Amino acid sequence: MGMWASLDALWEIPAEKRIFGAVLLFSWTVYLWETFLAQRQRRIYKTTTHVPPELGQIMDSETFEKSRLYQLDKSTFSFWSGLYSEIEGTLILLFGGIPYLWRLSGRFCGYAGFGPEYEITQSLVFLLLATLFSALTGLPWSLYNTFVIEEKHGFNQQTLGFFMKDAIKKFVVTQCILLPVSSLLLYIIKIGGDYFFIYAWLFTLVVSLVLVTIYADYIAPLFDKFTPLPEGKLKEEIEVMAKSIDFPLTKVYVVEGSKRSSHSNAYFYGFFKNKRIVLFDTLLEEYSVLNKDIQEDSGMEPRNEEERNSEEIKAKVKNKKQGCKNEEVLAMNSFLCFFLFAVLIGRKELFAAFGFYDSQPTLIGLLIIFQFIFSPYNEVLSFCLTVLSRRFEFQADAFAKKLGKAKDLYSALIKLNKDNLGFPVSDWLFSMWHYSHPPLLERLQALKILEMQIVFTLKTNVMKDFQFLKLYVSLLHISVHFLNENLVCA
């Protein structure tokens, strides 16, 4: 009886207060869950002090210890920055930070002669102030991460002047893209009628296509130097490889990431028949002694360094090609979100829950619904995409092995893990929740399992062939014996 009375009392609370309380409760639930997972992984960093037997031949103790200490520092930083972010977000909600910033943007518009009827203009000022606040509060954390943690472990290549110039440039470029796109989106929602969500969805798809298409040619060069991969053996082999696996490759770039960090990687981007590959210049630099040692230990025939680098990079590119298959998923998710936004935008209690009692600005509706109301759905979707991405990564590894590039991929994964001080051991729950790219040990184990499966299949086929051969010989012997008897009788 007491439980039902409590539920009745809960439902007597105004809807806006229930919504607000649920948003805060879910936010802290997610934070506590993430903290629990992080502590599980931190325990792995603290207790795993020796190289696992499976990695004994490919990772030395010094590299393993460097990786462990690097990840411990990163986990400590992540804990404090995450705690700050959660407290900051809670205080903003509790003390009405969002309606205050909306009123402040309205006052700025008033100073410029724009009244309340200029909602889109006020929305743009709100976005400018919100992103400025976010950039300023995040700056100390970014500085500490770059000039303390990354510097301590030998990754940072930036000066303070370069860092600040880069931060200002990023903010300006972000505004140049964000403000015009947001104004057009708000205008489409305003004039779109009952089916505005379809037009808004199509608009965001077009914007995404345009941004992806022009990114490497016009946006990324503002921050890093992108140059086409020079003509030569590596480029030719990548192009041949792309054709052999029906990958619509149009360009291959090298990005000068070494002026920021010594981390290395490779990625590709683009839609449909317009794919482009980007290789970090650090990836093209020395593919070192570790690979030579691996080859000597495994009995592989030594190859010259240029050939070895080429094969490893190609294996990594093949891995990347096979690993990205969720464009359609994201497009459909975008449509679903806009549809649900159209359903919910008229609910006044949603706006009242966040302090908007007298007005329902479209931009605020987007913020409330996409960031807060959809947060449970976003968490579930994020986890599903992580699981899907992990599956694609394992499929990509298997795909590279099928193409005969398993040894090169094996070597490339070890190289990337070593260069980036990735810790090869992970708590299974932390890995499952966070890692869209499985850690090194899991991927190498999967490759070995696949290799054992292939060997078993080959052995099975050989045994089948051998049994067939025995049967064939026996039948041949019987036939010859039968023929001889007939000839004798004749």
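Just so you know, glycine gets a Cβ as well, placed from its N, Cα and C.
Features as listed in TrEMBL:
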BINDING   GLU393  Zn(2+) binding site
DOMAIN    41-225  domain 'CAAX prenyl protease 1 N-terminal'
DOMAIN    229-288  domain 'Peptidase M48'
DOMAIN    331-448  domain 'Peptidase M48'
TRANSMEM  20-38  transmembrane segment
TRANSMEM  77-102  transmembrane segment
TRANSMEM  122-144  transmembrane segment
TRANSMEM  171-189  transmembrane segment
TRANSMEM  195-216  transmembrane segment
TRANSMEM  329-346  transmembrane segment
TRANSMEM  366-388  transmembrane segment
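Over the domain 'CAAX prenyl protease 1 N-terminal' (41-225) the predicted model carries a mean pLDDT of 92. Beyond the transmembrane segment (20-38), the same-chain residues lying 6 or more positions past its ends with a Cβ under 8 Å from any Cβ of the stretch are 75, 78-79, 82, 86, 89-90, 93, 353-354, 372-373, 375-376, 379, 427, 429-430, 433-434.
Summarising the environment of the residue listed as 'Zn(2+) binding site', the number of other Cβ atoms within 10 Å of its Cβ, over all protein chains shown, is 22.
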